[in-house]
Amino acid sequence: MFRTATLLAFTMAAMVFGQQVGTNTARSHPALTSQKCTKSGGCSNLNTKIVLDANWRWLHSTSGYTNCYTGNQWDATLCPDGKTCAANCALDGADYTGTYGITASGSSLKLQFVTGSNVGSRVYLMADDTHYQMFQLLNQEFTFDVDMSNLPCGLNGALYLSAMDADGGMAKYPTNKAGAKYGTGYCDSQCPRDIKFINGEANVEGWNATSANAGTGNYGTCCTEMDIWEANNDAAAYTPHPCTTNAQTRCSGSDCTRDTGLCDADGCDFNSFRMGDQTFLGKGLTVDTSKPFTVVTQFITNDGTSAGTLTEIRRLYVQNGKVIQNSSVKIPGIDPVNSITDNFCSQQKTAFGDTNYFAQHGGLKQVGEALRTGMVLALSIWDDYAANMLWLDSNYPTNKDPSTPGVARGTCATTSGVPAQIEAQSPNAYVVFSNIKFGDLNTTYTGTVSSSSVSSSHSSTSTSSSHSSSSTPPTQPTGVTVPQWGQCGGIGYTGSTTCASPYTCHVLNPYYSQCY
(Lines of atoms letter the chains of each structure in order from A and count residues from 1; the text may use other names and numbers.)
(Lines give C-alpha, C1' and ligand atoms only; values in the text may rest on other atoms or scores of the structure.)
Protein backbone atom coordinates (compact mmCIF):
# COMPACT_ATOMS: atom_id res chain seq x y z
CA MET A 1 0.00 0.00 0.00
CA PHE A 2 1.03 3.65 -0.54
CA ARG A 3 3.48 2.51 -3.21
CA THR A 4 2.55 5.31 -5.61
CA ALA A 5 5.25 7.88 -6.36
CA THR A 6 7.77 6.39 -3.96
CA LEU A 7 10.24 4.53 -6.15
CA LEU A 8 12.98 6.85 -7.30
CA ALA A 9 15.92 6.31 -9.59
CA PHE A 10 18.53 8.87 -10.51
CA THR A 11 20.63 7.71 -13.41
CA MET A 12 22.18 9.63 -16.26
CA ALA A 13 20.34 12.73 -14.95
CA ALA A 14 16.95 11.15 -15.53
CA MET A 15 14.40 8.74 -14.09
CA VAL A 16 13.37 7.05 -17.28
CA PHE A 17 10.88 4.88 -19.10
CA GLY A 18 10.18 4.22 -22.76
CA GLN A 19 8.57 2.08 -25.43
CA GLN A 20 11.17 1.91 -28.22
CA VAL A 21 14.45 0.00 -27.88
CA GLY A 22 17.83 1.70 -27.60
CA THR A 23 21.31 0.32 -28.29
CA ASN A 24 23.64 2.37 -26.11
CA THR A 25 23.79 -0.19 -23.27
CA ALA A 26 23.51 -3.91 -23.96
CA ARG A 27 20.30 -5.53 -22.77
CA SER A 28 20.88 -8.23 -20.15
CA HIS A 29 18.81 -10.43 -17.85
CA PRO A 30 20.80 -11.73 -14.85
CA ALA A 31 19.99 -15.35 -14.02
CA LEU A 32 18.05 -16.05 -10.82
CA THR A 33 17.26 -19.73 -10.40
CA SER A 34 13.88 -20.68 -8.95
CA GLN A 35 12.24 -24.07 -8.34
CA LYS A 36 8.92 -25.72 -9.19
CA CYS A 37 7.88 -28.43 -6.72
CA THR A 38 5.40 -31.30 -6.97
CA LYS A 39 4.34 -34.10 -4.63
CA SER A 40 5.32 -36.72 -7.17
CA GLY A 41 8.58 -35.33 -8.47
CA GLY A 42 10.04 -33.11 -5.79
CA CYS A 43 11.63 -29.79 -6.73
CA SER A 44 13.31 -29.02 -10.05
CA ASN A 45 15.26 -25.94 -11.12
CA LEU A 46 13.85 -23.35 -13.50
CA ASN A 47 16.18 -21.19 -15.59
CA THR A 48 14.46 -17.98 -14.58
CA LYS A 49 15.97 -14.49 -14.85
CA ILE A 50 15.30 -10.97 -13.66
CA VAL A 51 14.62 -7.77 -15.54
CA LEU A 52 14.77 -4.19 -14.27
CA ASP A 53 11.51 -2.26 -14.30
CA ALA A 54 11.37 0.20 -17.20
CA ASN A 55 10.76 3.13 -14.84
CA TRP A 56 14.43 3.01 -13.85
CA ARG A 57 15.94 2.95 -17.33
CA TRP A 58 17.52 5.71 -19.37
CA LEU A 59 15.08 7.17 -21.91
CA HIS A 60 16.54 9.04 -24.87
CA SER A 61 15.68 10.05 -28.40
CA THR A 62 15.74 7.27 -30.98
CA SER A 63 18.03 9.39 -33.17
CA GLY A 64 20.59 10.22 -30.49
CA TYR A 65 21.11 10.63 -26.77
CA THR A 66 18.90 13.56 -25.86
CA ASN A 67 16.95 12.83 -22.69
CA CYS A 68 13.22 12.48 -23.20
CA TYR A 69 12.72 13.06 -19.48
CA THR A 70 15.01 15.08 -17.21
CA GLY A 71 14.52 15.78 -13.53
CA ASN A 72 10.75 15.92 -13.25
CA GLN A 73 9.83 17.13 -16.72
CA TRP A 74 9.30 15.69 -20.19
CA ASP A 75 11.12 17.16 -23.19
CA ALA A 76 8.45 19.30 -24.88
CA THR A 77 9.85 18.72 -28.37
CA LEU A 78 10.23 14.95 -28.17
CA CYS A 79 7.12 14.43 -26.05
CA PRO A 80 4.34 16.87 -26.98
CA ASP A 81 1.81 14.05 -26.46
CA GLY A 82 1.75 10.41 -25.43
CA LYS A 83 1.81 8.75 -28.85
CA THR A 84 4.49 11.02 -30.31
CA CYS A 85 6.67 10.48 -27.26
CA ALA A 86 6.37 6.70 -27.59
CA ALA A 87 7.57 6.93 -31.19
CA ASN A 88 10.42 9.35 -30.44
CA CYS A 89 11.91 7.78 -27.31
CA ALA A 90 13.87 4.59 -26.65
CA LEU A 91 14.75 2.53 -23.57
CA ASP A 92 18.27 1.24 -23.05
CA GLY A 93 19.86 -1.64 -21.20
CA ALA A 94 21.00 -1.49 -17.60
CA ASP A 95 24.12 -1.96 -15.49
CA TYR A 96 22.35 -3.91 -12.75
CA THR A 97 25.09 -3.94 -10.13
CA GLY A 98 27.09 -0.81 -10.91
CA THR A 99 24.18 1.59 -11.32
CA TYR A 100 21.29 -0.01 -9.47
CA GLY A 101 22.88 -2.15 -6.73
CA ILE A 102 21.16 -5.32 -7.94
CA THR A 103 23.17 -8.52 -7.60
CA ALA A 104 21.89 -11.95 -8.63
CA SER A 105 23.90 -15.09 -7.91
CA GLY A 106 22.51 -18.59 -8.20
CA SER A 107 19.16 -18.49 -6.41
CA SER A 108 19.95 -15.34 -4.42
CA LEU A 109 19.03 -11.72 -5.20
CA LYS A 110 20.43 -8.75 -3.26
CA LEU A 111 18.81 -5.34 -3.63
CA GLN A 112 20.90 -2.44 -2.33
CA PHE A 113 18.98 0.64 -1.18
CA VAL A 114 21.32 3.39 -2.45
CA THR A 115 23.96 2.94 -5.14
CA GLY A 116 25.65 6.17 -6.20
CA SER A 117 22.78 8.50 -7.08
CA ASN A 118 20.26 5.67 -7.57
CA VAL A 119 17.66 5.02 -4.87
CA GLY A 120 15.68 1.78 -4.71
CA SER A 121 14.88 -0.71 -7.45
CA ARG A 122 12.24 -3.09 -8.73
CA VAL A 123 12.77 -6.22 -10.80
CA TYR A 124 10.53 -8.94 -12.21
CA LEU A 125 11.12 -12.67 -12.57
CA MET A 126 11.26 -13.83 -16.19
CA ALA A 127 10.54 -17.23 -17.73
CA ASP A 128 12.60 -16.32 -20.80
CA ASP A 129 14.02 -13.19 -22.42
CA THR A 130 10.66 -11.92 -23.65
CA HIS A 131 8.13 -13.16 -21.07
CA TYR A 132 7.61 -12.80 -17.36
CA GLN A 133 7.25 -15.95 -15.29
CA MET A 134 3.53 -16.34 -14.62
CA PHE A 135 2.41 -17.70 -11.24
CA GLN A 136 -0.87 -19.62 -11.08
CA LEU A 137 -1.11 -20.40 -7.39
CA LEU A 138 -4.58 -21.68 -6.55
CA ASN A 139 -4.20 -24.74 -4.29
CA GLN A 140 -0.45 -24.05 -4.39
CA GLU A 141 2.15 -22.47 -2.17
CA PHE A 142 4.93 -19.92 -2.66
CA THR A 143 8.10 -19.98 -0.57
CA PHE A 144 11.26 -17.88 -0.33
CA ASP A 145 14.06 -17.09 2.09
CA VAL A 146 14.66 -13.52 3.20
CA ASP A 147 17.44 -11.70 5.02
CA MET A 148 16.23 -8.29 6.13
CA SER A 149 18.61 -7.84 9.04
CA ASN A 150 19.93 -4.71 7.32
CA LEU A 151 16.56 -3.18 6.50
CA PRO A 152 15.66 -0.54 9.13
CA CYS A 153 12.52 1.44 9.90
CA GLY A 154 11.12 3.32 6.93
CA LEU A 155 12.27 0.85 4.28
CA ASN A 156 10.33 -1.91 2.57
CA GLY A 157 11.80 -5.05 1.07
CA ALA A 158 8.78 -6.19 -0.92
CA LEU A 159 7.97 -9.39 -2.78
CA TYR A 160 4.56 -9.39 -4.42
CA LEU A 161 2.44 -10.52 -7.34
CA SER A 162 0.92 -8.20 -9.92
CA ALA A 163 -1.62 -9.09 -12.62
CA MET A 164 0.58 -7.78 -15.43
CA ASP A 165 0.65 -9.15 -18.97
CA ALA A 166 3.21 -11.90 -19.57
CA ASP A 167 4.73 -9.98 -22.50
CA GLY A 168 4.71 -6.59 -20.76
CA GLY A 169 1.80 -5.39 -22.89
CA MET A 170 3.36 -5.74 -26.35
CA ALA A 171 0.51 -7.73 -27.89
CA LYS A 172 -2.19 -5.41 -26.53
CA TYR A 173 -0.43 -2.16 -27.37
CA PRO A 174 1.48 -2.11 -30.69
CA THR A 175 3.27 1.14 -29.79
CA ASN A 176 5.05 -0.75 -27.01
CA LYS A 177 8.11 -2.13 -28.79
CA ALA A 178 10.10 -2.88 -25.64
CA GLY A 179 7.85 -5.28 -23.72
CA ALA A 180 8.86 -7.57 -20.88
CA LYS A 181 12.41 -7.67 -22.24
CA TYR A 182 12.78 -4.12 -20.89
CA GLY A 183 10.47 -4.39 -17.89
CA THR A 184 7.34 -2.66 -19.22
CA GLY A 185 3.68 -3.09 -18.32
CA TYR A 186 3.67 -2.43 -14.58
CA CYS A 187 0.41 -2.11 -12.65
CA ASP A 188 -0.76 -2.56 -9.08
CA SER A 189 -3.71 -1.91 -6.78
CA GLN A 190 -2.57 1.65 -6.03
CA CYS A 191 -3.30 2.56 -9.69
CA PRO A 192 0.00 4.50 -9.75
CA ARG A 193 0.01 7.65 -11.88
CA ASP A 194 3.78 8.15 -11.73
CA ILE A 195 4.41 5.45 -14.34
CA LYS A 196 5.93 7.12 -17.40
CA PHE A 197 4.34 4.91 -20.04
CA ILE A 198 0.94 3.21 -19.80
CA ASN A 199 -0.75 1.21 -22.58
CA GLY A 200 2.14 1.98 -24.92
CA GLU A 201 1.80 5.76 -24.58
CA ALA A 202 3.69 8.32 -22.51
CA ASN A 203 1.80 9.63 -19.50
CA VAL A 204 2.62 13.25 -20.41
CA GLU A 205 -0.87 14.75 -20.42
CA GLY A 206 -1.54 16.57 -17.17
CA TRP A 207 1.96 15.80 -15.88
CA ASN A 208 2.73 17.59 -12.61
CA ALA A 209 5.98 17.35 -10.68
CA THR A 210 5.65 15.85 -7.20
CA SER A 211 9.33 15.93 -6.25
CA ALA A 212 12.66 16.85 -7.82
CA ASN A 213 12.66 13.62 -9.81
CA ALA A 214 9.08 12.44 -10.12
CA GLY A 215 5.57 13.47 -11.04
CA THR A 216 2.12 12.20 -11.91
CA GLY A 217 0.12 12.26 -15.13
CA ASN A 218 -3.57 12.03 -15.92
CA TYR A 219 -3.48 8.25 -16.08
CA GLY A 220 -2.84 5.44 -13.64
CA THR A 221 -2.30 1.73 -14.22
CA CYS A 222 -4.42 -0.67 -12.17
CA CYS A 223 -4.54 -4.40 -11.53
CA THR A 224 -5.09 -6.91 -8.75
CA GLU A 225 -2.11 -7.27 -6.43
CA MET A 226 -1.07 -9.90 -3.89
CA ASP A 227 1.50 -8.58 -1.43
CA ILE A 228 3.16 -11.76 -0.25
CA TRP A 229 5.74 -9.84 1.74
CA GLU A 230 6.15 -6.18 2.70
CA ALA A 231 8.62 -5.85 5.52
CA ASN A 232 11.64 -4.47 7.29
CA ASN A 233 13.35 -5.78 10.41
CA ASP A 234 10.65 -4.28 12.62
CA ALA A 235 7.38 -5.27 10.91
CA ALA A 236 5.86 -7.38 8.15
CA ALA A 237 2.52 -7.78 6.41
CA TYR A 238 0.92 -9.89 3.72
CA THR A 239 -2.04 -8.36 1.93
CA PRO A 240 -4.38 -9.28 -0.93
CA HIS A 241 -5.72 -6.33 -2.97
CA PRO A 242 -8.60 -7.07 -5.38
CA CYS A 243 -9.55 -4.85 -8.30
CA THR A 244 -12.87 -4.96 -10.11
CA THR A 245 -10.85 -5.60 -13.25
CA ASN A 246 -8.06 -8.12 -12.79
CA ALA A 247 -6.07 -7.45 -15.95
CA GLN A 248 -3.86 -4.37 -16.34
CA THR A 249 -6.16 -1.41 -16.98
CA ARG A 250 -5.43 2.27 -17.56
CA CYS A 251 -7.48 4.54 -15.30
CA SER A 252 -8.31 8.22 -15.25
CA GLY A 253 -10.28 10.49 -12.96
CA SER A 254 -12.27 8.84 -10.19
CA ASP A 255 -11.35 5.33 -11.39
CA CYS A 256 -7.84 5.98 -10.04
CA THR A 257 -9.09 7.01 -6.59
CA ARG A 258 -7.88 4.95 -3.65
CA ASP A 259 -10.38 2.32 -2.52
CA THR A 260 -13.44 3.83 -4.25
CA GLY A 261 -11.87 3.50 -7.70
CA LEU A 262 -11.09 0.32 -9.62
CA CYS A 263 -8.97 -1.19 -6.84
CA ASP A 264 -8.85 -1.78 -3.10
CA ALA A 265 -5.64 0.09 -2.40
CA ASP A 266 -5.59 -0.68 1.34
CA GLY A 267 -6.37 -4.37 0.94
CA CYS A 268 -6.87 -6.81 3.81
CA ASP A 269 -3.57 -7.05 5.65
CA PHE A 270 -2.25 -9.48 8.22
CA ASN A 271 0.47 -7.72 10.21
CA SER A 272 1.16 -9.70 13.40
CA PHE A 273 1.90 -6.57 15.43
CA ARG A 274 -1.26 -4.84 14.21
CA MET A 275 -3.25 -8.01 14.91
CA GLY A 276 -2.26 -7.85 18.57
CA ASP A 277 0.82 -10.06 18.89
CA GLN A 278 3.67 -7.65 19.54
CA THR A 279 6.24 -10.30 20.45
CA PHE A 280 6.01 -12.48 17.35
CA LEU A 281 8.15 -10.90 14.61
CA GLY A 282 11.14 -8.64 15.11
CA LYS A 283 14.74 -8.62 16.23
CA GLY A 284 15.22 -11.43 18.77
CA LEU A 285 11.54 -12.46 18.73
CA THR A 286 9.80 -15.71 17.72
CA VAL A 287 10.54 -14.95 14.08
CA ASP A 288 13.92 -13.31 14.53
CA THR A 289 14.42 -10.67 11.84
CA SER A 290 18.10 -10.29 12.71
CA LYS A 291 18.65 -13.65 10.97
CA PRO A 292 17.47 -15.17 7.67
CA PHE A 293 14.28 -17.23 7.63
CA THR A 294 11.84 -18.88 5.23
CA VAL A 295 8.39 -17.50 4.41
CA VAL A 296 5.66 -19.87 3.16
CA THR A 297 2.34 -18.64 1.76
CA GLN A 298 -0.43 -21.10 0.89
CA PHE A 299 -3.42 -20.32 -1.32
CA ILE A 300 -6.25 -22.60 -0.19
CA THR A 301 -9.34 -23.27 -2.31
CA ASN A 302 -12.84 -24.37 -1.34
CA ASP A 303 -12.49 -27.82 -2.91
CA GLY A 304 -8.77 -28.50 -2.50
CA THR A 305 -8.07 -28.22 -6.24
CA SER A 306 -6.70 -25.57 -8.59
CA ALA A 307 -10.17 -25.33 -10.17
CA GLY A 308 -11.70 -24.14 -6.92
CA THR A 309 -12.35 -20.71 -5.43
CA LEU A 310 -9.77 -19.00 -3.22
CA THR A 311 -11.07 -19.04 0.36
CA GLU A 312 -8.00 -18.69 2.57
CA ILE A 313 -4.40 -17.47 2.47
CA ARG A 314 -2.17 -19.11 5.08
CA ARG A 315 1.25 -18.13 6.35
CA LEU A 316 3.99 -20.02 8.16
CA TYR A 317 7.68 -19.53 8.74
CA VAL A 318 10.75 -21.76 9.03
CA GLN A 319 13.79 -20.62 11.00
CA ASN A 320 16.67 -22.62 12.46
CA GLY A 321 15.07 -25.78 11.08
CA LYS A 322 11.78 -25.27 12.93
CA VAL A 323 8.38 -24.59 11.40
CA ILE A 324 6.69 -21.62 13.09
CA GLN A 325 2.93 -21.28 12.85
CA ASN A 326 1.73 -17.76 12.05
CA SER A 327 0.64 -15.69 15.04
CA SER A 328 -3.02 -15.64 16.01
CA VAL A 329 -5.19 -12.53 16.21
CA LYS A 330 -5.52 -10.95 19.66
CA ILE A 331 -7.95 -8.14 18.86
CA PRO A 332 -11.43 -7.92 20.43
CA GLY A 333 -14.11 -8.54 17.84
CA ILE A 334 -11.89 -10.65 15.57
CA ASP A 335 -11.77 -14.45 15.85
CA PRO A 336 -8.34 -15.73 17.05
CA VAL A 337 -7.37 -16.98 13.59
CA ASN A 338 -3.95 -16.87 11.93
CA SER A 339 -4.84 -16.65 8.24
CA ILE A 340 -6.71 -14.39 5.83
CA THR A 341 -10.29 -15.22 4.89
CA ASP A 342 -13.23 -13.06 3.84
CA ASN A 343 -14.64 -13.46 7.35
CA PHE A 344 -11.37 -12.31 8.92
CA CYS A 345 -11.32 -9.29 6.61
CA SER A 346 -14.90 -8.36 7.46
CA GLN A 347 -14.25 -8.62 11.19
CA GLN A 348 -10.99 -6.69 10.88
CA LYS A 349 -12.58 -3.80 9.00
CA THR A 350 -15.35 -3.57 11.60
CA ALA A 351 -12.96 -3.77 14.57
CA PHE A 352 -10.68 -1.10 13.09
CA GLY A 353 -13.51 1.17 11.94
CA ASP A 354 -12.58 0.86 8.27
CA THR A 355 -14.87 0.58 5.25
CA ASN A 356 -14.75 -2.91 3.77
CA TYR A 357 -13.53 -1.95 0.30
CA PHE A 358 -11.98 -5.40 0.14
CA ALA A 359 -15.41 -7.02 -0.06
CA GLN A 360 -16.72 -4.28 -2.36
CA HIS A 361 -14.02 -5.17 -4.89
CA GLY A 362 -14.72 -8.90 -4.81
CA GLY A 363 -12.68 -10.15 -1.85
CA LEU A 364 -10.63 -13.33 -1.98
CA LYS A 365 -12.63 -14.75 -4.88
CA GLN A 366 -11.53 -11.86 -7.11
CA VAL A 367 -7.90 -12.19 -6.02
CA GLY A 368 -8.18 -15.90 -6.77
CA GLU A 369 -9.25 -15.21 -10.34
CA ALA A 370 -6.03 -13.27 -10.90
CA LEU A 371 -4.08 -16.16 -9.39
CA ARG A 372 -5.92 -18.52 -11.72
CA THR A 373 -4.97 -16.50 -14.81
CA GLY A 374 -1.40 -15.92 -13.65
CA MET A 375 0.47 -13.08 -11.97
CA VAL A 376 3.97 -11.61 -12.29
CA LEU A 377 6.47 -11.65 -9.41
CA ALA A 378 7.97 -8.28 -8.45
CA LEU A 379 10.83 -7.83 -5.97
CA SER A 380 11.76 -4.37 -4.76
CA ILE A 381 13.35 -2.16 -2.15
CA TRP A 382 11.89 1.28 -1.59
CA ASP A 383 11.21 4.20 0.71
CA ASP A 384 7.91 5.99 1.02
CA TYR A 385 7.46 9.62 -0.02
CA ALA A 386 3.70 9.40 0.62
CA ALA A 387 3.52 8.14 4.23
CA ASN A 388 7.09 7.44 5.42
CA MET A 389 6.21 3.71 5.66
CA LEU A 390 4.39 4.40 8.93
CA TRP A 391 1.45 2.28 7.71
CA LEU A 392 3.81 -0.71 7.91
CA ASP A 393 6.01 -0.20 10.96
CA SER A 394 4.70 2.56 13.25
CA ASN A 395 1.47 4.18 14.46
CA TYR A 396 -0.80 5.13 11.57
CA PRO A 397 -2.67 7.38 11.15
CA THR A 398 -0.45 9.47 13.40
CA ASN A 399 -3.36 11.59 14.65
CA LYS A 400 -5.06 8.60 16.28
CA ASP A 401 -4.46 7.17 19.75
CA PRO A 402 -1.94 4.29 19.41
CA SER A 403 -4.07 2.24 21.82
CA THR A 404 -6.95 2.26 19.34
CA PRO A 405 -7.18 -1.17 17.65
CA GLY A 406 -5.46 -1.19 14.27
CA VAL A 407 -3.37 1.95 14.73
CA ALA A 408 -0.14 0.39 16.07
CA ARG A 409 1.64 -1.56 13.34
CA GLY A 410 5.22 -1.70 14.67
CA THR A 411 7.65 -0.12 17.12
CA CYS A 412 9.22 2.43 14.77
CA ALA A 413 8.87 6.07 15.80
CA THR A 414 6.28 8.21 14.02
CA THR A 415 9.16 10.53 13.11
CA SER A 416 11.00 7.74 11.25
CA GLY A 417 10.96 6.89 7.57
CA VAL A 418 11.46 10.37 6.12
CA PRO A 419 13.05 9.58 2.72
CA ALA A 420 15.65 12.36 2.78
CA GLN A 421 16.83 11.23 6.21
CA ILE A 422 16.84 7.51 5.57
CA GLU A 423 18.62 7.89 2.23
CA ALA A 424 21.36 9.87 3.99
CA GLN A 425 21.56 7.74 7.14
CA SER A 426 21.07 4.21 5.74
CA PRO A 427 22.38 4.15 2.16
CA ASN A 428 23.93 0.71 2.70
CA ALA A 429 20.66 -0.93 3.70
CA TYR A 430 19.70 -3.97 1.65
CA VAL A 431 17.45 -7.00 1.43
CA VAL A 432 18.30 -10.48 0.15
CA PHE A 433 15.64 -12.75 -1.34
CA SER A 434 16.66 -16.31 -2.17
CA ASN A 435 15.49 -19.88 -2.81
CA ILE A 436 12.22 -18.97 -4.53
CA LYS A 437 10.03 -22.08 -4.79
CA PHE A 438 6.42 -22.68 -5.75
CA GLY A 439 4.22 -25.69 -6.30
CA ASP A 440 2.02 -28.23 -4.56
CA LEU A 441 1.05 -27.62 -0.95
CA ASN A 442 3.63 -28.76 1.62
CA THR A 443 6.35 -29.47 -0.97
CA THR A 444 8.46 -26.30 -0.90
CA TYR A 445 9.79 -26.33 2.66
CA THR A 446 11.13 -28.66 5.34
CA GLY A 447 11.39 -28.28 9.08
CA THR A 448 10.54 -29.73 12.46
CA VAL A 449 7.11 -28.93 13.87
CA SER A 450 7.14 -28.85 17.66
CA SER A 451 3.92 -29.64 19.51
CA SER A 452 3.84 -26.09 20.86
CA SER A 453 3.73 -24.66 17.36
CA VAL A 454 0.82 -26.79 16.19
CA SER A 455 -2.31 -24.68 16.13
CA SER A 456 -5.96 -25.11 15.28
CA SER A 457 -6.52 -21.42 14.72
CA HIS A 458 -7.12 -21.49 10.99
CA SER A 459 -10.46 -19.96 10.17
CA SER A 460 -13.42 -22.29 10.24
CA THR A 461 -14.81 -20.53 7.16
CA SER A 462 -12.44 -22.42 4.88
CA THR A 463 -13.93 -25.61 3.50
CA SER A 464 -10.63 -26.82 2.11
CA SER A 465 -9.09 -29.95 3.54
CA SER A 466 -5.63 -29.33 2.11
CA HIS A 467 -4.11 -28.21 5.39
CA SER A 468 -0.62 -26.99 6.19
CA SER A 469 1.62 -29.34 8.13
CA SER A 470 1.60 -26.80 10.93
CA SER A 471 -2.15 -26.86 11.50
CA THR A 472 -4.44 -29.36 13.19
CA PRO A 473 -7.57 -29.93 11.10
CA PRO A 474 -10.65 -31.67 12.49
CA THR A 475 -10.08 -35.42 12.82
CA GLN A 476 -12.34 -38.20 11.60
CA PRO A 477 -13.55 -40.72 14.20
CA THR A 478 -11.72 -44.03 14.06
CA GLY A 479 -13.53 -46.58 11.91
CA VAL A 480 -14.89 -43.89 9.56
CA THR A 481 -13.48 -43.61 6.05
CA VAL A 482 -11.77 -40.34 5.20
CA PRO A 483 -12.94 -38.53 2.03
CA GLN A 484 -10.68 -37.29 -0.76
CA TRP A 485 -8.29 -34.53 0.46
CA GLY A 486 -9.02 -35.38 4.11
CA GLN A 487 -6.32 -36.04 6.72
CA CYS A 488 -5.54 -39.71 7.30
CA GLY A 489 -2.41 -39.64 9.44
CA GLY A 490 0.45 -37.72 11.02
CA ILE A 491 2.06 -37.20 14.41
CA GLY A 492 -0.65 -36.32 16.93
CA TYR A 493 -3.48 -37.39 14.61
CA THR A 494 -6.05 -39.69 16.28
CA GLY A 495 -8.66 -40.12 13.57
CA SER A 496 -9.32 -42.72 10.91
CA THR A 497 -6.47 -43.81 8.66
CA THR A 498 -8.72 -45.48 6.09
CA CYS A 499 -9.45 -43.53 2.92
CA ALA A 500 -12.73 -43.81 1.04
CA SER A 501 -12.43 -45.86 -2.15
CA PRO A 502 -10.63 -45.42 -4.51
CA TYR A 503 -8.29 -43.10 -2.58
CA THR A 504 -5.19 -44.02 -0.61
CA CYS A 505 -3.37 -42.35 2.26
CA HIS A 506 -0.23 -40.44 1.24
CA VAL A 507 2.40 -39.16 3.69
CA LEU A 508 3.11 -35.50 2.89
CA ASN A 509 5.34 -34.96 5.92
CA PRO A 510 5.66 -36.51 9.41
CA TYR A 511 2.77 -34.39 10.66
CA TYR A 512 0.27 -34.67 7.85
CA SER A 513 -0.98 -37.44 5.57
CA GLN A 514 -3.77 -36.93 3.06
CA CYS A 515 -6.26 -39.04 1.09
CA TYR A 516 -6.12 -38.67 -2.68
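Here the Cβ of each residue, glycine as well, is placed from N, Cα and C on the backbone.
Residues or ranges marked as signal peptide in Swiss-Prot (evidence: sequence analysis): 1-18.
Following the DSSP three-state reduction, the secondary structure of N208 (N-linked glycosylation site) is strand. Neighbour count (other Cβ atoms within 10 Å of the Cβ, all protein chains): 10 for N208 (N-linked glycosylation site). For N208 (among others), the entry in Swiss-Prot reads N-linked glycosylation site, with the evidence type sequence analysis.
The feature active site, nucleophile is assigned by Swiss-Prot to E225. For E225 (active site, nucleophile), the number of other Cβ atoms no farther than 10 Å from its own Cβ, over all displayed protein chains, is 29. DSSP gives E225 (active site, nucleophile) a strand state.
Of all the Cβ atoms in the protein chains shown, 25 others lie within 10 Å of the Cβ of E230 (active site, proton donor). The active site, proton donor annotation in Swiss-Prot covers E230.
Counting every protein chain shown, the number of other Cβ atoms lying within 10 Å of the Cβ of N326 (N-linked glycosylation site) is 29. As annotated by Swiss-Prot, N-linked glycosylation site applies to N326 (among others).
Residues or ranges marked as N-linked glycosylation site by Swiss-Prot: N442 (among others). A sphere of 10 angstroms centred on the C-beta of N442 (N-linked glycosylation site) encloses 22 other C-beta atoms.
Feature annotation from Swiss-Prot assigns region 'Disordered' to 451-481.
The domain 'CBM1' annotation in Swiss-Prot covers 480-516 and rests on sequence analysis.
What Swiss-Prot records for C488-C505 (among others) is disulfide bond. Mapped onto three states, the DSSP output places C488 (disulfide bond) in strand.
Taken residue by residue with DSSP, C499 (disulfide bond) is part of a strand. The disulfide bond feature in Swiss-Prot is assigned to C499-C515 (among others); the stated evidence is similarity to another entry.
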Among the disulfide-bonded residues C488, C499, C505, C515, whose Cβ has the fewest other Cβ atoms within 10 Å?
C505
Taking the Cα atoms as reference points, how far is C515 (disulfide bond) from E225 (active site, nucleophile) in Å?
33
Roughly how many Å lie between the Cα atoms of C499 (disulfide bond) and N208 (N-linked glycosylation site), rounded to a whole value?
64
Over the domain 'CBM1' (480-516), what is the model's mean pLDDT?
76
